[in-house]
Amino acid sequence: MGAPDSRVVRQHLLDLQSGIVAVLERFDGGRFREDAWQRPAGGGGITRVIEEGRFFERGGVNFSHVIGGAMPASATAHRPDLAGRTFEAMGVSLVLHPRNPYCPTVHMNVRFFIASHPEAAVPPPAAAPVWWFGGGMDLTPYYPYEEDVRNFHRACRAAVLPWGGEPEYRRLKEWCDRYFFLKHRNEPRGVGGLFFDDLGADGKTDFDAAFGLARSVGDAFLDAYLPIIERRRDVAYGERERDFQAYRRGRYVEFNLVFDRGTLFGLQSGGRTESILMSLPPVVKWRYDWQPEPGSAEARLYDEFLAPRDW
């Protein structure tokens, strides 16, 4: 069983960030602003953001590596045994908000945690570091095409199959459907994808296998998303479509600020707020008790896509 190697993970994450940004810049024609930052309490990161691009209204591809003296509450709520441990948390997180409402918003994240006991005198196995990977990707369309959703899920499935076969893919797909769900609205955020967390925290998982799955998910992102926006970037739209896009973006904001573990962890651990909140869309609307017109394209999103299903 391979030993956890945070240096190898860190380098992979930096390479992943750079590779994705290079492709997205070629697609958009604009440049991502790069902002390297240091965290006074330990660690730092590289934020890469595009705003008012030719295609992307707002998007970010962020790397962070945070070092702390005690795990924050969001990370220990379901693992009280980790309270008081020092930690390293590193990851790449991206969110892209295209301007064209026929192009979906997308999110992808790959992260690695390692928590160590601060007291060297603690005997094993209690003193052994606890590590795990998390991540996934999910799609949030406004005017969805079944072809696009199927393309996305095919790429997700292909990323997981070498690391656990069909049962593991089903598990991560269903986990995604459960996780990206707005309980107060009783509706999913989008059409799902993959989600996993605590991979390796049981102490029985091989590090190389866990890292392999996490790496495969990150590497699959461009195959999952790029064909969709290449097909839809020139679809004509008007004020009605932009208005509905802004309304549905409100669900994105609600989920990220109320439920998302990564957002809560970042804020509670003293992460960089500007980088954490880059996931929020630039234009959002809320309406009181709005309902789509029956039979409309907007109603089709609710009736046919916003429910867990096999794609």
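Keep in mind that glycine also has a Cβ here, set from the backbone N, Cα and C atoms.
Source: prediction; values computed, not measured.
Neighbour list (Gly270 (substrate binding site), Cβ cut-off 8 Å, at least 6 residues apart, same chain): Arg39, Ala41, Val66, Gly68. What Swiss-Prot lists as substrate binding site is Ser93, Asn109, Val110, Arg111, Gly270, Gly271, Arg272.
Other Cβ atoms within 10 Å of the Cβ of His107 (divalent metal cation binding site), summed over all protein chains shown, number 24. Taken from Swiss-Prot, the feature divalent metal cation binding site covers His97, His107, His153, His184.
DSSP assigns His107 (divalent metal cation binding site) to a strand segment in the three-state reduction. The active site, proton donor feature in Swiss-Prot is assigned to His107; the stated evidence is sequence analysis.
The Cβ of His184 (divalent metal cation binding site) lies under 8 Å from the Cβ of Glu254, Val258, each of which sits 6+ residues away along the same chain. What Swiss-Prot records for His184 is site 'Important for dimerization'.
Per-residue confidence over the region 'Important for dimerization' (252-287) averages 89 (mean pLDDT, predicted model). Swiss-Prot lists 252-287 with the feature region 'Important for dimerization'.
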Request  = Look up Ser93 (substrate binding site) in the DSSP assignment and reduce it to helix, strand or coil.
outcome  = strand
Request  = Run through the Cβ atoms and count how many others sit within 10 Å of the one on His153 (divalent metal cation binding site).
outcome  = 21
Note = Rounded Cα distance in angstrom between Arg111 (substrate binding site) and His153 (divalent metal cation binding site) is 21
Note = His184 (divalent metal cation binding site) -> DSSP, reduced to three states, gives coil
Ask   = Which numbers of helix, strand and coil residues does DSSP report for the region 'Important for dimerization' (252-287)?
value = 22 helix, 0 strand, 14 coil
Query = Which residues of the same chain, at least 6 positions away in sequence, have a Cβ lying under 8 Å from the Cβ of His97 (divalent metal cation binding site)?
reply = Phe56, Glu57, Arg58, Gly59, Thr105, Arg249, Pro281, Pro282
Pairwise C-alpha maximum, in angstrom, for the residues (Ser93, Asn109, Val110, Arg111, Gly270, Gly271, Arg272) that bind substrate according to the record = 20
